[in-house]
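First up is the structure itself, then whatever we jot down about it.
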Amino acid sequence: MATPNPPPPQQDEPSSSADPKAKKDYSTAILERKKSPNRLVVDEATNDDNSVVALHPDTMERLQLFRGDTVLLKGKKRKDTICIVLADDTCDEPKIRMNKTVRKNLRVRLGDVVSVHQCPDVKYGKRVHILPIDDTVEGITGNLFDAFLKPYFLEAYRPLRKGDLFLVRGGMRSVEFKVIETDPAEYCIVAPDTEIFCDGEPVKREDEERLDDVGYDDVGGVRKQMAQIRELVELPLRHPQLFKSIGVKPPKGILLFGPPGSGKTLIARAVANETGAFFFLINGPEIMSKLAGESESNLRKAYCVSAVDPYGWA
């Protein structure tokens, strides 16, 4: 009696990932603009140091970088600066952590993309000329070098770029400085034998962006709340196609509530500055009216990204 032939072995179906028509994950679209491994997404720093950026160890290995190397960072508007790179296991691989000062010098915000390049053989500076920004030294008396610059550069071997701004905190004040000139090159490292000149009139801010604007670095103790707020505000602004693809309307507003002094207005200012949105602070009595419907009308006229005090609306 003849036995039936066994059925042919079934071939594995191709995975959905190989399907060119597979749906794209728009939440990571910002990473797909260029496949260059040195293009990284800007993330918030855990170490508030003007001279340091942090990368995941695997990212550093891929870029052939070592802890303490000097790197050249390129941002928007043809802006670049140099920093010291450190390893951080908690940093996501496609991201780079930098504080608000570095972001301002690069003209980037959280979620933007910067490129990282090796910058070997940066020479020690012979002389650097640094002057304060005029609106940050009002009311300050005494020697700015001894009070701010000397402790800032002491044994720190900080890299500097001509034209950069940096913020130095001393006592109860913060003073903003601008690098006017560096010798022998536009990039240098301030060593113990580098001569630091700070003689001259304070520099006018002109069109420079303020480095002491409130940012995410200034908000503490509300980590979970900040994550929710950034998801509600940043995603619709930076990735509107994400909401269109899933057919969900983005949120049009958020309500922050809490006792006075808990940071509602501070958070609203930080979100507006980090996302590039306009910010209007409206006091509660300014929109109140005895006429029916006029309070709502006053609020609609001023509405953008706004905070209303003392009622805690944002």
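Cβ coordinates are placed from backbone N, Cα and C, and glycine is handled just like the others.
Here's what TrEMBL has on this protein:
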COMPBIAS  1-11  compositional bias 'Pro residues'
REGION    1-27  region 'Disordered'
DOMAIN    39-122  domain 'CDC48 N-terminal subdomain'
DOMAIN    139-205  domain 'CDC48'
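Residue counts of the domain 'CDC48' (139-205) by helix, strand and coil are 10 helix, 29 strand, 28 coil (DSSP-based). Mean per-residue pLDDT, taken over the domain 'CDC48 N-terminal subdomain' (39-122), amounts to 93.
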